[in-house]
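Chemist: According to TrEMBL, the protein has these features:
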ACT_SITE  D184  active site
BINDING   G103, E126, I127, N161, A162, C181, T259, E260, E261  S-adenosyl-L-methionine binding site
Amino acid sequence: MKTKPLSQDPGSKRYAYRINKEENRKELKHVKIDESSLVQKGQKIDLPKKRYYRQRAHSNPFSDHQLEYPVSPQEMDWSKLYPYYKDAETGQMTKKVTIADIGCGFGGLMIDLSPAFPETLILGMEIRVQVTNYVEDRIIALRNNTLSRHGFQNINVLRGNAMKFLPNFFEKGQLSKMFFCFPDPHFKQRKHKARIITNTLLSEYAYVLKEGGVVYTITDVKDLHEWMVKHLEEHPLFERLSTEWENSDKCVKIMRNATEEGKKVERKKGDKFVACFRRLPNPTIL
Ligand SMILES: C[S@@+](CC[C@H](N)C(=O)[O-])C[C@H]1O[C@@H](n2cnc3c(N)ncnc32)[C@H](O)[C@@H]1O
């Protein structure tokens, strides 16, 4: 007889934990947590525990996942993700997302970028369901636990496939920074097409990035680093930034140490290869 995975077995601890967190998430995901909300009154929300959100290491970016996405950026209701930035009178957002962490994993980068860019909206996009749920729960807890100083209102996560739907979420030239931290290496040659940096995808990234915007990449896999550098260098709308630039940029510093994968590499004393590229101006068409 086939046994149910732990996450679906009503008797398991993980099942109970997930149900409990899901109810909390449903209630708090889209609300502006403020002094009047129930969770206030000095109550802290525990940070989520990763072990209850386990799922497969990879999700096929070519599968037809059941993903929600807007038909165009104008249809996207950002106030659900950043309720703090919705103008109460006009109902309009006061800011747009300008930093994206592509394949954000467990969200460590956003959490460190949040106080470094307190006036900027930052979005993580992640394809795996349970990992996205973890980041949502982490942000709910952090927002609640730093209520008095309005902490972490400027970050959030979306479940989405960045290889398919970025132009549905972002207008042309909307982003100023895109991060690709420790992307899945897809080692085998026949899997290279699943890498998140390819010629075609770079044109989409160039579309959503503003002129002068920056693509940040970091990986511990030398072959992937060389692949990303090669494709970015070959693309007419990107130019590599110097090592001096990298050493003086605060995001590079954060990116080296903030992400969960980066911390793993650090513990194993592995290499970290960094490459950053500036989005060049569009050529004038004569
Ligand atoms: C190796 S992990 C790195 C996570 C994080 N950036 C870090 O450094 O800790 C790569 C992540 O990218 C996500 N991912 C892969 N392809 C994706 C896609 N097409 N769209 C969104 N996320 C994707 C994976 O689910 C995984 O969580």
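Heads up, the Cβ atoms here are built off N, Cα and C, so glycines get one too.
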Chemist: Please state whether DSSP places E261 (S-adenosyl-L-methionine binding site) in a helix, a strand or coil.
Modeler: helix
Chemist: With every protein chain in view, what's the tally of Cβ atoms within 10 Å of the Cβ of E261 (S-adenosyl-L-methionine binding site), excluding that atom itself?
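Modeler: Step by step: centre on the Cβ of E261 (S-adenosyl-L-methionine binding site), count other Cβ atoms within 10 Å, giving 19.
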Chemist: To the nearest whole angstrom, what is the C-alpha distance linking A162 (S-adenosyl-L-methionine binding site) and D184 (active site)?
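Modeler: With the alpha carbons as reference points, the distance is 13 Å.
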Chemist: Taking only same-chain residues 6+ apart in sequence, whose CB is under 8 Å from that of T259 (S-adenosyl-L-methionine binding site), what do you get?
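Modeler: Counting only residues 6 or more apart in sequence, the Cβ neighbours of T259 (S-adenosyl-L-methionine binding site) under 8 Å are G105, G108, L109, C181, F182.
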Chemist: Taking the Cβ of G103 (S-adenosyl-L-methionine binding site) as the centre, count every other Cβ atom within 10 Å, in any protein chain shown.
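Modeler: Within a 10 Å radius of the Cβ of G103 (S-adenosyl-L-methionine binding site) lie 23 other Cβ atoms.
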Chemist: Pop the Cα-Cα gap between D184 (active site) and E261 (S-adenosyl-L-methionine binding site) into the table, whole Å please.
Modeler: 11
Chemist: Hey, what's the widest CA-to-CA gap across G103, E126, I127, N161, A162, C181, T259, E260, E261, the S-adenosyl-L-methionine contacts in the record, in Å?
Modeler: 20
Chemist: Within 10 angstroms of the C-beta of A162 (S-adenosyl-L-methionine binding site), what count of other C-beta atoms is obtained when all protein chains are considered?
Modeler: 24
Chemist: Taking only the Cα atoms, work out how far D184 (active site) lies from G103 (S-adenosyl-L-methionine binding site), in Å, as a whole number.
Modeler: 9
Chemist: Tell me, by DSSP, whether I127 (S-adenosyl-L-methionine binding site) is helix, strand or coil?
Modeler: coil
